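Record features, source Swiss-Prot:
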DOMAIN    10-211  domain 'tr-type G'
BINDING   19-26, 83-87, 138-141  GTP binding site
BINDING   Thr26  Mg(2+) binding site
REGION    62-66  region 'G2'
REGION    83-86  region 'G3'
Amino acid sequence: MAKEKFDRSKPHLNIGTIGHVDHGKTTLTAAITTTLAKLVGGKNKAIAYDQIDNAPEEKARGITIATSHQEYETPNRHYAHVDCPGHADYVKNMITGAAQMDAAILVVSATDGAMPQTKEHILLARQVGVPYIVVYLNKADMLAADERDDMVEMVKEEIKDLLNKYNFPGDKTPFISGSALKALEGEDSDLGMKSILKLMEAVDTYVPNPTRIVDKPFLMPVEDVFSITGRGTVATGRVEQGVLKINDEIEIVGIRDTTKSVVTGIEMFRKLLDQAEAGDNIGALLRGTKKEDIERGQVLAKPGTITPHRKFKAEVYVLTKDEGGRHTPFFNNYRPQFYFRTTDITGVCNLPGGMEMVMPGDNVTMSIELIHPIAMDQGLKFAIREGGRTIGSGVVAEIVE
C-alpha cells in the first residue's frame, strides 16, 4: 500500500504528556485522539488506551525506552504526541531527547494535587529546555459538585507556585479542568469532550509555532578536514541547523580559540551547490584556513551565535548494567569522556553536595568541567563514555563559564 504523503501545509509541533503516575497521562492521550477524531474529523484517528499503554520499546543512543508516538491535528496545526508508560522512561526520554518536545501537557489529578513526580517532571522540563507547559487538571468528575470549583482552584494555585519555582510563568499558564475518562467514553459535557477541545485550543493559542530548523542560525559540526591542493581546506559534516551560502562568513568554534573564515565553495556528493541547508552532508571550502587550524569536534557557525564553554551543569541519566552501562557506581571527581556531536572530550564530574556516589540507573544533576571548551548552549545533548562505550546520557542544563 502506498504511504500517505506527509502534509506540510500546517505548522508541526512536538508535544508530550508529563505528570505523576496514575494521574491519567495515557487516558488523556487516548481522549485527545478520540475527541478530535469525533469532533474535528480530518485525518484524526481514535487511538485506544491499551494501544498507547503497550508502548513498544525503542533504542535511543543505546538506551531502551518505552514510548508511544501518536499524531493528531487541530484546524490550525499538526501534532506529534509522545507518551511514556513508566517514570523511568520519562526521565530517559527527556534527557536523551529521543522525543524533543516543543511543549508539554502537565496532567495533575484534581483529587491529589502535586505529587513527587509532578515536581520532578516540571524540573526535568526546565532542565532539558521544554519551553511551554499547559496544565490539565484531570479527574475533576471525582470531586463532589459543590466542592469542585474550590478544590480545582486550590490545586491550580499549588501548581502555579510549582511552575513559578522552576521558572515557568505560572500566572500566564493555561489551566483546563475536566475528566479524560469521561471524554474517552464520549461524554459531550464541560468535563468531558468539551474540556479536551478547550485544552487543544489552549495549546494552539498559548504555544507559538517553533522556529523551523532551517530558520535557526547556521551550525555544522566538523567531522573531517582535508586540503585540496591549489584550492584550500575543506571541512566536512552534516548541517545541523540553518542555511549556508557561498561567501558567507563563519566562525570556527570550540577546542581552540575562535577564528573566522569565509566559505568560498560548497560541495555535496561531488556537486557544487550555491547553498546548503539543515540535513545536508557537505564539504565547505574555507578561505585562508590551514588544515592544521581546524579539527573534528569544532563547529562552523554563523558569527556571534554560539560560544565555547568548559564548565556547565547537566542533567544526566546513567545506564544500568543491562543497558550496557557500568556494573559499579562512580564517585565525585570521576573522569570519563563526554561525546559532544562528533568528538570525545575528557571532563571531571562534580556531584551535588551530600551525594557520595552515582549508581547505574540513577538520574542526577551534576557539574562538569571539560579539559577543552566546546561550542554549546542549553539543551545540547551528549553521551558519557568510557573507552568508547556509552555509560550515560546527558543534556546541558545551564552554562557556568
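Residue numbering: from 1, along the chain as shown.
Keep in mind that glycine also has a Cβ here, set from the backbone N, Cα and C atoms.
The structure, with features from Swiss-Prot marked on it.
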| residue | record | Cβ neighbours (10 Å) |
| --- | --- | --- |
| Gly19 | GTP binding site | 26 |
| Asp22 | GTP binding site | 13 |
| Lys25 | GTP binding site | 26 |
| Thr26 | Mg(2+) binding site | 22 |
| Cys84 | GTP binding site | 24 |
| His87 | GTP binding site | 15 |
| Ala140 | GTP binding site | 24 |
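Secondary structure counts, DSSP: the region 'G3' (83-86) has 0 helix, 1 strand, 3 coil.
Same-chain neighbours of the region 'G3' (83-86): 16-17, 25-26, 29, 52-53, 55, 65-68, 70, 93, counting only residues six or more beyond its ends whose CB sits under 8 Å from a CB of the stretch.
A 10 Å radius around the C-alpha of Thr26 (Mg(2+) binding site) takes in these binding-site residues out of Cys84, His87, Ala140, in sequence order: Cys84. Per-residue confidence over the domain 'tr-type G' (10-211) averages 93 (mean pLDDT, predicted model). DSSP gives Asp22 (GTP binding site) a coil state; it is part of no helix or strand. Assigned with DSSP, the residues of the region 'G2' (62-66) fall into helix, strand and coil as follows: 0 helix, 4 strand, 1 coil.
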